Structures are given as structure tokens and as C-alpha cells.
Amino acid sequence: MKSRELGFLLTYAAAFYAFIILRSLQLSRDHHTKLYGLRPGWLISQRLNDVSDAQWRNFRANLPILTVVFTSFATVANVSRTLFHFKAKGMSLIWLLISLAYLSYLHGACIVFIISIASLNFLLVKIFARTKYFSFVFWIFNLFFLICNRVYEGYSFSVFGQHWAFLDNFRGTFRWHICFNFVVLRMLSFGYDYHWAHQDSRSSYKKHIQHCNLCKSGKSCYQILQERSVPDDKFAFTVYLSYLLYAPLYLTGPIINFNAFASQLDVPQNHFSVRNVAWYGVRWVFSLVLMELMTHLFYYNAFAISGVWRHLSPLDVFIVGYGVLNFMWLKFFLIWRYFRFWSLICGIEAPENMPRCINNCYNLESFWKSWHASYNKWLVRYMYIPLGGSQRKLLNIWAIFTFVALWHDLEWKLLSWAWLTCLFFIPEVLFKSAANAFQATNAFTEFLLRELRAVAGAVTITCLMVANLVGFVIGASSINWLTSRFIDRDGIPVLAGMLVTFYVGTKLMFHVQDFKQSRH
């Protein structure tokens, strides 16, 4: 029975993607003259390349120089470690010097703002870490600078007097207050790891070692590195600054916590062998070729940027929206894995972002765990658990997603995205609780529960598409336009087809899960 169902699901999926590809090619061919951000292609002759996304365009253009820079950084760091047998103290000085040189190019004189705020944070942690007011004071301080940096757009030196105004001519090539969002997360991580180092152990990591195959083999998984407190001497100012400014992860992450970083300064990561790291890099190159192929053939982002998709049929609006989300996933996949690759070469393992494909997630919880996965780990450790964890789950998600929206930027569309996500989370949590409480007593009830989960998955995927398109593409002001396209006479059949397709996709994901469980 299951094999016949799987055969049908695979046939449907193949037909769906064949249709999506053919229709996307036709849309790109028919409308390319109306689209913004297309440039002459290089991979396929006679095809334009969609570089309408500013973030992807800048990353792609700077890849050669970034690769040269990080090759030199990795060489200096690894040769210094090998020749002088440096541990945490020595390596922190090496990385601090490398990172200061890197930031001087990126931010110019504005590096003064970064060092000043970081130094104040260090003093605050050392003074208040053992007091009962620590969390309140610490969060107020970091939220204050997170918001002020954006409101005042990185400040102006002329505010401190006209004799400093000349420094505004040396602000570097990259806005420091954009990158500082990641620095805030690292400052909070340092503070709490220091705070918890002076309390009883918060983690059952000894029990974890007994059940983790990697740890039992003599290596250290990231979970252990994160939870195990480092000695007091690792909380020195030089180690702290080298953590905040660590060049390979400075611009985009992935986000690593202080305990994990400091312990790997002492003993470089041993999870990935040289061969594993090399293969990781090769796979990244293949993914880059896939992205280039995608942007040469399908102009999804250009449709969204140009606004042309607003004049398309509901079916074509769905195809472009679905394509834009897949483009975004692959874009972040490439950016995050590029910088993680260089960090691995330098001996520091950070959590993997995008461990699961965007098309292999059928509920909100698994989606967020596998999108910005390192940020999710950070949120769980430093916000979700301190706020009460699963006991207050429905309340916690509002505080956490509001913080996530503010952390990204001060925009209404991001707050709309955050609150829409929270609204969609509520029925999922309630449904999961009911499903866990319900015990399938026979084959029919087991079948019925599986079908209900597939229907819930289809609805959830639709909600995820809406929330992410609102938050990162069209903005809150266009919610009415998006919904109106699918509730009129032409749109309802498309909406029904979407739900059926996502239902089929969810059932296919169930089979993938069953296969993985059978292997284990």
C-alpha cells in the first residue's frame, strides 16, 4: 500500500516540478524586457542573469577578493598555531590583530564605535554578572544600542565636535551598524556564559556524552562545546574581543556561542577532517553553479523587485512567489556556508545553517530550526529557556519573534512577519498537543491521524509562504493584494491546487522520515 502511494506521490512531484520549470522559463522569456536587475549572462549564451538582489549581487561580485583575503587570514592563523603552539591566549591575540585589520578596511574610523560599545559591555558583565539585576541591566544595555545604532544610522563623528567631523570621510566600505547586529548576539552570549559559569551547571552534558556517538568516539560535538563552561581565564578581554570580531564569521555568521569559540581557540575543532572540509568546499562550488544556473534561467527575484508579478495570473503569482523563496534559501545557503567553510579551515566549527532543504519542511517549528539554525540555537539558549521554555511556549514565541524582527531591522514589514508567524504557530502548537495526546489504537485511526497531519502540513506551508513573502518581499502593505489574488474566481482553483500540492509534498516528507528512521 505504502509503495503504491509513494509511486503516486513521486509521479505527482515530478509532474509538478516539470510544469513549474517549463512555466518559469516561459515567464522569464516573455517578460524579461520589463524586469529590473538583469545583466548579460556568462554561463548560458543568449541568456541574461538575474542579479536584482543587492545582497547576492554584492557577495557574488566580491567573492574573488574575499577568497584571497580569507586564504591569507587562514594561512597566518594556522601557521602561527603550528609554529608557536599557541593556545587560547596566543590565538586570541592573532585573531584580534587579523580581525582589526579586516574591520579597519570594512568600517574605517567607525571601528572606534564598535570597540567602545564592546568595552562598555565587557565592564558591565564583569561588574553585574554575579548580581540579581544582571539580566535586566544586560538586556536593557544591548537593546538600547541595537535600536540606537539603527535610529542614528551608525552615528556621526561631528556629533562629538566639529574637530572630529573629518573622520566621517573615513567610514570604510561597509556600514558598521548593520554588522553590529551580530556583535550584539555575541556580546549577549559572552555575558550569559560568564554569568552561568559562576552558577551550578545548567546542562546535563555528562548524560549527553553517554548518548552522543560523536562524543563517545573521543571528539567533541557542538552541543558539548556550547554547554560546557570554560575556565575563568578564557573570559579575558582579548579573548572576548577576538570572539566579537572573529573575521570569518563577522559579516554574516553562522552564530557561535562564546563557550564553543573559546574552547576551540585552545583545541581546534576535530569533528571535520581535512578531507571532510575539502569535500564541504567542493559541494559549495557545485551549489554555486546551481545558483548561477537558476539565475540565468529563472528571473524570480527580478519579477518581485520590478513589481511585474502583480499583473500576472494567480497561478503565475504562486510560481514567482515559490521561486523567490527558493532563491532566498539558496542565496543564504551559499553565503552562510562560504563563511563557515573558512572558519572550519581556521579550526573553529560553527553550527550549520540550512541543514534541511526549504522544500523538506512541513511545520513552523522544523522550518525555523533548519533555516537560520545557528540563530535558533542562540535563541533557545539565551531567550527561550530563560523565559520558561516549553512551559510558556505560546507566550515566549511572541517575545522571541518580536526580538528577531527588531534584530533584523526597524521595519513594520518585519514586525508583521514576526506577528504573523506567531499567529500561525498557535494552531500548530495546539494541534501537536492534541495529536500527541491521541493514541492510535488501530490501523484506521493511525491512517486518519497521518492524513490529518498531512492536511495540517499543507495549511502550514501555505502560511509559511505568506509570512515570508510579507516579511522579506512585499511588505505588510501588500497583504491585501496577495490574499485578494487567491480568493477571487480565478484564484480559488489555484489556491485549491496549492493545498493539494502541499498535501502531496507533506506526504512525501513523511515517507522520507520513515526511510531515515528505518535506516537508524
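Glycine residues also receive a Cβ, built from the backbone N, Cα and C atoms like all the rest.
These features come from TrEMBL:
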TRANSMEM  6-25  transmembrane segment
TRANSMEM  63-81  transmembrane segment
TRANSMEM  93-124  transmembrane segment
TRANSMEM  133-152  transmembrane segment
TRANSMEM  235-256  transmembrane segment
TRANSMEM  277-299  transmembrane segment
TRANSMEM  319-339  transmembrane segment
TRANSMEM  452-479  transmembrane segment
TRANSMEM  491-510  transmembrane segment
Beyond the flanks of the transmembrane segment (235-256) by 6 or more, those residues with Cβ under 8 Å of it: 70, 73, 88-89, 91-93, 95-96, 98-100, 102-103, 106, 114-115, 118, 122, 174, 179, 182-183, 185-187, 190, 194, 197, 262, 265, 335-336, 339-340, 342-343, 346, 348, 350-353, 373-375, 377-378
Considering the transmembrane segment (491-510), which listed stretch of 6-25, 319-339, 452-479 counts the most C-beta pairs under 8 Å: 452-479
Contacting positions for the transmembrane segment (452-479) when only residues 6+ beyond its ends and CB under 8 Å are counted: 304, 321-322, 324-325, 328, 361-364, 367, 405, 412-418, 420-421, 424, 428, 431, 435, 498-500, 502-503, 505-507, 509-510
CB contact flag for the transmembrane segment (277-299) and the transmembrane segment (319-339), at least three pairs under 8 A: yes
